[in-house]
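Taken straight from TrEMBL:
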type	residues	note
DOMAIN	17-79	domain 'T-SNARE coiled-coil homology'
TRANSMEM	87-106	transmembrane segment
Amino acid sequence: GDGAPTGNYGYTNSGYSVYEEENERLTESLRTKVSAIKSLSIEIGTEVKNQNKMLSEMDNDFDSTGGLLGATMGRLRTLSRGSQTKLLCYMMLFSLFVFFVIYWIIKLR
């Protein structure tokens, strides 16, 4: 014939099988690592979705709390404006009462 060996394409059986086994082992290792990274990426995506949902709920809660706090502060401002006038009137009435009591005590002596 031609002088070319058939079946192993010029490689010796032992050398070719060692490289082939090494490639298969590395391929399987790579496949395992890719699978682990894929499952980890899926878990990270699920966790991110859950965290985003929780953040959205917290944002809604803070918005409603902020609205409630703003309304309460508005009522407090309204009360403080009105109560200063009432407080001033009460102080004036009390001062007049004390003045008349002292005047009456002095007049009775």
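Placement of Cβ uses the backbone N, Cα and C atoms for every residue, glycine included.
Over the domain 'T-SNARE coiled-coil homology' (17-79) the predicted model carries a mean pLDDT of 90.
Within the chain, the transmembrane segment (87-106) has no long-range Cβ neighbours under 8 A that lie six or more residues past its boundaries.
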